[in-house]
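J.: Okay, handing you the structure first.
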Amino acid sequence: MNSKIFAVLLLLAFLSCVLSDQYCPKSSITACKKMNIRNDCCKDDDCTGGSWCCATPCGNFCKYPTDRPGGKRAAGGKSCKTGYVYY
């Protein structure tokens, strides 16, 4: 009986890890000079290895998702270009 309870608890723990929400990590940078703004990506498809395209004050960068909210996904769109962005 105890092994069945343990198996159920183990399964629930596994499912809670798999089904947890994922977010872009919060950027530690609060501001960036316009000449330093660069986009490494515009959408998630531009990233590899399960990383996401996340927006920061210095541009869009591929980051691995985290379970802590606070970051922002890159909006992408037709106007998004990779490389240095001069406004």
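Yeah, the Cβs are placed from backbone N, Cα and C, and that goes for glycine too.
Quick caveat, the model's predicted, so the values are computed rather than measured.
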J.: Candidates are CYS42, CYS47, CYS53, CYS54. Which one does Swiss-Prot pair with CYS24 through a disulfide bond?
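T.: Here Swiss-Prot pairs CYS24 with CYS54 via a disulfide bond.
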J.: With DSSP assignments reduced to helix, strand and coil, which class does CYS53 (disulfide bond) get?
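T.: It is in a strand.
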J.: For a quick check of packing: other C-beta atoms within 10 Å of the C-beta of CYS41 (disulfide bond), how many?
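T.: Counting Cβ neighbours of CYS41 (disulfide bond) within 10 Å gives 23.
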